[in-house]
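According to Swiss-Prot, the feature ATP binding site maps to Pro84, Leu85, Ala86, Arg87, Gly88, Leu89, Gly90, Ser91, Ser92, Ser93, Ser94, an assignment based on sequence analysis.
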Amino acid sequence: MKIIVPATSANLGAGFDSIGIAVNLYLTVEVLGESRDWKIDHDLGENIPTDERNLLLTTLSAVLEDKNVALSAKFHLKMTSEVPLARGLGSSSSVIIAGIELANQLAKLNLTSDEKLKLACEIEGHPDNVAPALLGNLVIASTVAGKTSHIVADFPSCALLAFVPDYELKTVESRKVLPNELTYKEAVAASSIANVLTASLLTNNLEVAGQMMEADRFHESYRASLIPELQLLREIGHEFGAYGTYLSGAGPTVMLLVPDDKLTLLTEKIMEKNLTGHLYPLKIDNKGLQVEESVF
C-alpha cells in the first residue's frame, strides 16, 4: 500500500489561516510489511525520527486513540518526500494527512473526507494546509468551535513559481512576530481585502487576486523582515508580468502567480539575481490524498 499526499501553499496573502492550494510536490508513505517494532526508512535527515516519535506515527496514534481502536501489529514503513522541510510548503501537514490515512487503512476505519479533515484540523490547529493536502485544488476553509466548513474550487489557470530559500523558518518562529490583536478598523480592512481575494479567485480574475494578495493586512508586513527575498521578488514580478507574489504559509518560500507565457522570462530574471535557494515551477494538484492498493 502506498499513500501519496501533495505539498500545499497557504494563505495566498490575505487568506490567513483559511485559504490554501495543493501543488505537485509529493510525500509518499509505503507500507513494506509487518515488523516487531515501528520503523520508518527515510532520507529526510537525522533530526527526523524513525520510530514512534515521528509525526506520522504520533498522528496515527492520535487517530486510533480518538476512535478507541488498537492495531494488532506494527509495521515497517518507507517515507520519501519532495516537499522541502520548514519552508512554508506544508511539509508537516502532508505528514499529518498521511498519518490519518495510514490509521484509516491499517485499522480499516473507513473514514469519510469530512472526518479526516476534522481530525487533521484538531491536530494541526487550522485548515489552510491540511485541507488542500487532503482534498487537492483550492480550498477555502474555516474552523470555529471545532467545526470546519470548507469549499473546494478549481484554481484559475496560471503557472506557479516558488522560490525556496536555503534557510528554514519554523512556523512557531514566524508567528512570534505577529501582533496579538488588530484594531476593529484594521480587522475590517483586512477582512475586506480577503473577501475580494476569495471572490476574485472564484471568478478567475487573477489580476484582482494578485492585487489583493499583495495588499494583505494580516501577516505579510510583519513577516517581511524575516524573508528579505520577498520584496525583491515582488518587484521583479511587477516588472515582468506576474499576477501577484505572496509569502507561502509562514515562509520563507515566496510564490509567484504567473501567466503561462511569462514563466520562462520570470524564471530567467530571478535566476539573474543569484539568490541563495531554488526555483520550482509548479502546478496545481487537483487530486489531493491518493492511496494505491487501498484496503477498501
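Cβ coordinates come from backbone N, Cα and C, glycine included.
Shown on the structure are the features that Swiss-Prot records.
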residue: Pro84; record: ATP binding site; CB count, 10 Å: 21
residue: Ala86; record: ATP binding site; CB count, 10 Å: 19
residue: Gly88; record: ATP binding site; CB count, 10 Å: 29
residue: Gly90; record: ATP binding site; CB count, 10 Å: 32
residue: Ser92; record: ATP binding site; CB count, 10 Å: 18
residue: Ser94; record: ATP binding site; CB count, 10 Å: 32
For the ATP site built from Pro84, Leu85, Ala86, Arg87, Gly88, Leu89, Gly90, Ser91, Ser92, Ser93, Ser94, further residues of that chain with CB within 8 A of the site's CB center: Ala7, Val83, Gly249
For Ala86 (ATP binding site): DSSP state (helix, strand, coil): coil
